[in-house]
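Below: one structure, written as structure tokens.
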Amino acid sequence: MSFLNASFAQNMSIVRPEYFFITGLEGIPYRSYYYIFLCVTYFIAVIGNSAVLLIIALERSLHSPKYISVFNLALADLGETNAWIPNTMKIFFSDSQYMSYNACLANMFFVNLFVTLQSATLVVLAFDRYIAICFPLRYHAIVNNTFMSLVFVIIWAFNTSLVALAASLMTQLSFCKSNVVESYYCDYGAVLGMACNDNSINMFLTNLIVFLFLVSPLFIIVLSYMGIVFALSKITTWEARLKALKTCVSHLLLVVSFFLPVICIFIASLVTSLTPNARVISGSLSLSLPPMLNPIIYVLNTAEIRVLIQKLLKNRILPIRKNFSKRW
């Protein structure tokens, strides 16, 4: 009975603001140009990733384990982009920087979910390249469509559960100090720092998510490429080595575009104290650039997708040319 009374008293004492105030960029005279830049990255990301999703879904020759991973990455990129940029644009263009408590939790959940999915997908792609190069004869026995589909079902279920738990635990925190979030969206870390009661469980879960989806993926990817380099060193001819390494270029570029901004922000925060505006710009770039660059990287570096786009364009342009020549 005393436990129930204590729990009831704790719930009664929890202070939840009706709204959070999202600061965005403050005190910068030409900040509108940065928001326009974000709009451009948003449209490129949406069009590019939608095109990749459609091409993979409609082209039967791309229904392979590797492209199941690429499809999942494009889906995560599309979700992450839509999770925060439209809200940021709405705040800027409507000049209303308030976000309701429930909308803040939803915004936090979806951004974190899709970021963790991006990270996990890069690990799966690294595994795919590792098996393809180190065990080429066993590749189709180990990595097939059923295996890859099952892996992503587990990833989606696990990531959704963990991120949902982190967001739901926010409801146990009191925000009696401030409701001002110094970020460009309802950032989990920024909101957590505003809590005025015990947030040790939330901090543990935050550190666990960072370890599982930022530190561990990078470590696993580095290990997989060390194994790939070792396997390539056993190949006698440079031509064969370069041919095998070429299949990894797209994935390496994706890894760099995802992890490099995060590493730069981490190093910068250790070296110097970042201003709120610097954190907003660096953080928003780390979220906006990978979804924009990923479809471009795959179109430019993947022969199968390039050939399909060329065929589509050729089929569209040839009839137009014929009709035009008949008229003249």
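Cβ from N, Cα, C; glycine included.
TrEMBL does not curate its annotations; it predicts them automatically.
Positions annotated as domain 'G-protein coupled receptors family 1 profile' by TrEMBL: 48-298.
Among the features that TrEMBL reports, transmembrane segment is placed at 33-55 (among others). Beyond its flanks by at least six residues, the transmembrane segment (33-55) meets 25, 62, 70-71, 74-75, 77-78, 81-82, 85-86, 88-89, 92, 281, 284, 288-289, 291-292, 294-296, 298-299, 305, 308-309 of its own chain at Cβ-Cβ distances under 8 Å.
Taken from TrEMBL, the feature transmembrane segment covers 105-127 (among others).
Taking Cβ pairs closer than 8 Å, the transmembrane segment (147-170) reaches residues 65, 68-69, 72, 105, 108-109, 112-113, 116-117, 120-121, 124, 128, 188, 191-192, 201-202, 205-206, 208-209, 212-213 in its own chain, all 6 or more past its ends. What TrEMBL records for 147-170 (among others) is transmembrane segment.
TrEMBL lists 208-232 (among others) with the feature transmembrane segment.
Per TrEMBL, transmembrane segment is recorded for 252-272 (among others).
Per TrEMBL, the feature transmembrane segment maps to 292-309 (among others).
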Intrachain neighbours beyond the transmembrane segment (292-309), with Cβ under 8 angstroms and 6 or more residues off its ends: 41, 44-45, 48-49, 51-52, 55, 59, 61-62, 70, 73-74, 77, 249-250, 253-254, 257
Rounded mean pLDDT for the residues that make up the domain 'G-protein coupled receptors family 1 profile' (48-298): 92
